[in-house]
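Pulled from Swiss-Prot, these are the features on record:
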- 26, 82, 83, 84, 124, 138, 139, 217, 218: substrate binding site (BINDING)
- 95, 120, 121, 250: Fe cation 1 binding site (BINDING)
- 121, 191, 217: Fe cation 2 binding site (BINDING)
- 12-24: compositional bias 'Basic and acidic residues' (COMPBIAS)
- 30: phosphoserine (MOD_RES)
- 1-25: region 'Disordered' (REGION)
């Protein structure tokens, strides 16, 4: 039996009445943005292959794209609207502060967790570097094995993916061993994996939970759909509650009320100075 959908179980700890109706988030069957969202996932599920992901690791693994601070990266996201997101049609920089502030109110004693809220989508600067959105945004999934049922648009978007014609990659386990651990899975390329690798490269001093949340927060088929358990080890199951806790704020703090970014910047600059100071390699 699959785990229950966190969107039906979890609720934000702050101002639940002010949030959008929970059942209306992540609606992939109707809504004004649906055509845009479907096109993005169709491209993603056609072209995200083992070979493609390995090439992207090689292309961006040297972190020579740009040198900038964390808040400069946040400011860059003013120019990005995520075309895979059915919930919002405003710049990602606002979502970064919304998520961070939601976590801060619910977990005032965990300053590293507040910073994760700000950092979690900064890998989307790849779009502003010229990468197509289907190679940056949206839900992630392991390549090298058959996509499982809870992947968004699973039944209607993978028909042209060449890996599904491969006798190994088209099986449930694919190129993996049972319970190999998600750290050993090759995830579809996007802002999660890029940001995780960037944080390691720049030696962020955040706890392991922060790195894990960043790397797998878009892996909805796992943390929400309950799929891909055949790849999980004990560490993954131990970390799952952290990812699900983060997901409450990633999802349910989206709204039209824009935070006062200028008022918030000094607090988050202090966290950046503590955990990831200075000019960083992106």
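Cβ coordinates come from backbone N, Cα and C, glycine included.
Checking the binding-site residues (95, 120, 121, 250) against residue 139 (substrate binding site) with a 10 Å Cα-Cα cut-off leaves nothing. For residue 95 (Fe cation 1 binding site), the number of other Cβ atoms no farther than 10 Å from its own Cβ, over all displayed protein chains, is 25. Annotation for residue 120 (Fe cation 1 binding site): same-chain Cβ neighbours under 8 Å, separated by at least 6 residues, are 96, 99, 195, 213, 214, 217, 246, 250. Its own atom aside, the Cβ of residue 124 (substrate binding site) has 26 Cβ atoms within 10 angstroms in the protein chains shown. DSSP assigns residue 121 (Fe cation 1 binding site) to coil in the three-state reduction, placing it in neither a helix nor a strand. In this structure the C-alpha atoms belonging to residue 124 (substrate binding site) and residue 191 (Fe cation 2 binding site) are separated by 5 Å. Of the recorded residues, residue 121 (Fe cation 1 binding site) and residue 218 (substrate binding site) place their C-alpha atoms 10 Å from one another. Here the C-alpha separation of residue 95 (Fe cation 1 binding site) and residue 218 (substrate binding site) works out to 15 Å. Burial estimate for the binding-site residues (121, 139): highest at 121, by number of other CB atoms within 10 Å.
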